[in-house]
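As written in TrEMBL, here are the features:
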TRANSMEM  B:31-52  transmembrane segment
TRANSMEM  B:58-77  transmembrane segment
TRANSMEM  B:89-119  transmembrane segment
TRANSMEM  B:139-169  transmembrane segment
DOMAIN    B:144-352  domain 'ABC transmembrane type-1'
TRANSMEM  B:181-208  transmembrane segment
TRANSMEM  B:214-231  transmembrane segment
TRANSMEM  B:287-305  transmembrane segment
TRANSMEM  B:334-356  transmembrane segment
Amino acid sequence: MTSAPAPIKAKLRVGDLVFSRSAVFAGSMILVTLAAVALFLIVQSIPALSATKEDASILETNFWEYVGPLVFGTVWAAALALLIALPISIGIALFISHYAPRRLASVLGYVVDLLAAVPSVVFGLWGIGVLAPAVVPVYTWLNENLGWIPLFSGTVSATGRTILTAALVLAVMVLPIMTAICREVFLQTPVLHEEAALALGATRWEMIRVAVLPFGRSGIISASVLGLGRALGETMAVAMVLSAAHVVTFDLLTSVNPTTIAANIALSFPEAYALNVNVLIATGLILFVVTFAVNAFARWIISRRKEFSGAN
Amino acid sequence: MTLQTMNPAPETGTPIANSLTAGRLPTSAPWVILGTAIAVSASVFGVVAVGAGSGFDWGGALVVGAILYIPAIWLFSRLVEGARRATDRLVTALVTGAFLLAMIPLVSLSITVVTFGLARFDADFFSMSMRNVTGEGGGALHAIIGTLLMTGAAAIISIPIGLMTSIYLVEYGRGKLARGVTFLVDVMTGIPSIVAGLFAYSLFAIFWGPGTRTGIAGAVALALLMIPVVVRSSEEMLRLVPNELREAAYALGVPKWLTIVKVVLPTSIAGITTGIMLSIARVIGETAPLLIAAGFTASMNYNLFDGRMQSLPVFVYTQYANQGNPAEAFLDRAWAAALTLILIVMALNLIARLVARLFAPKLGR
């Protein structure tokens, strides 16, 4: 028996070494950056957690009482936006993937993507200049005819700058990403399933119900979670449209509305000083943790389905 | 034809001219119903307009007409075609309606921005700052310079890191680190922009004292938002490069790093450029992080490392939020800046798509 020949060692080149090391370095920079974001926010937040009315002038009692209504407002506005945007985005995605003429489909998809390109501050300007005055008659009608529903009770805001208007603007802003993900997964439905349904005599809607929607369920879920993440962190549109107070209320149409964490930071930060800055950063940390959890959940759902690659 | 002779219309009992189209609405029916619905709603709106003495509301008439169409088509189809087809037509109407509904904000927004924005879209707007301007006049030159400087600095920070990370993920990445980086990049795309601004502010506050607001802090915040977008798009493009090209290079004895630089990158450069331009278009409209990290000012500032720096989105916001006298002048400037911003973003998007189309590699086939 002859001994195995010594393995051939590749020549070590300086160029290779430098290149691979810098690639690894850049990759680890991502880890370092995210860790740094968490670390710096935590360091700046610690003084705020135990602060009281005497230390920071924007607090009424203590930090947790301050942040409670903000968390409620953030979740409430995002949930409303999602409720509005989800059926519409599924509809648009179905329209583009299964109803529109083939040749038009990509153009229509691009048109919807144009909405994503509009900066949020412009949405804010539009929301306050065009949308808010336009919805006031609708709100008045809702209040007069459906006022017995607690959501629509109270005195209608004369400016239209309510949480429902903010949620409408948010819904428009999260539509493109939700539509893009739904569309992608609807297009991946196996053609054989669709043709089998049609061959059995199903109408187009029945085909979609039995073949496309079950296949796209996880895509729809991840799209809504990602949309929720976007809506939670959206700042300027809410800050500009909403006439905010520091309250917890479910009324949709009055001029007393809960505000969101992000909008509150944007409005208060430029004038904040001393410990107030730390308080605001601490609310930002809470927002960071919430959106991180929501996004990680969405990614986990997507990663359970490897064949689906339309999320980014 | 044979079918027809074998089963002569059993349900109705009356002879049918063509069994394939029997029990179906003619193809023109939806359009006729839609036209009727809009005509009905328009006449109602017309009566109201005459009665109230106000102008005719075209938008309202069209919207109400479209809403009337949905139950109408369902009813006609239910009577002629049966329940299943009626549901199908109802869903078709709803799905098309959802798309048209989404077009309303897009159209309304474009019209508003252009009509209001043109009022101050003049030479002064692009050649003056807001220094010592309290009422009318003034411009956004300082904001445009600031936006270009900060976005440029953000691009300089994030393009090398983003590109090298995507090269790492595609060419080198194995095991836990690669999986962790992929996951964190995905999560990073969802960081709220205001949190990025708070991070940049805290970073500079710790090292240079609280209250530090500089252009470079804004650039760091933007870079944080830009890196994940660059990584994701370049990664996708690098994965499209066929493995045969890499293997051919290795077979010729080309080192791995030269293969990447001379073969992989040139093949995918068009897609990577597109991705980078789209990521710039995404961050150039960010307001919240710049408001927090770079602050706002009325004067020119060419130095990223010293003093507050204005940017176009923050200019829009501050003009709106701190209206002086006359308020009209401030709002006009805000709309003009919004128009400028949208034009820049649209131009970046268009150029990016042109680059992708014109310089795409020819892979044969």
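Using the three backbone atoms N, Cα and C, a Cβ is placed for every residue, glycine included.
With a cut-off of 8 Å between Cβ atoms, the residues of this chain six or more beyond the transmembrane segment (B:31-52) that come close are 60-62, 64-66, 68-69, 72-73, 76. Of the Cβ pairs linking the transmembrane segment (B:139-169) with the transmembrane segment (B:181-208) and spaced 6 or more residues apart, 3 or more are under 8 Å, so the two regions touch.
The stretch in B:58-77, B:181-208, B:287-305, B:334-356 that contributes the largest number of Cβ pairs under 8 Å to the transmembrane segment (B:214-231) is B:181-208. A contact between the transmembrane segment (B:89-119) and the transmembrane segment (B:287-305) is absent, since fewer than 3 of their C-beta pairs, 6 or more residues apart, lie under 8 Å.
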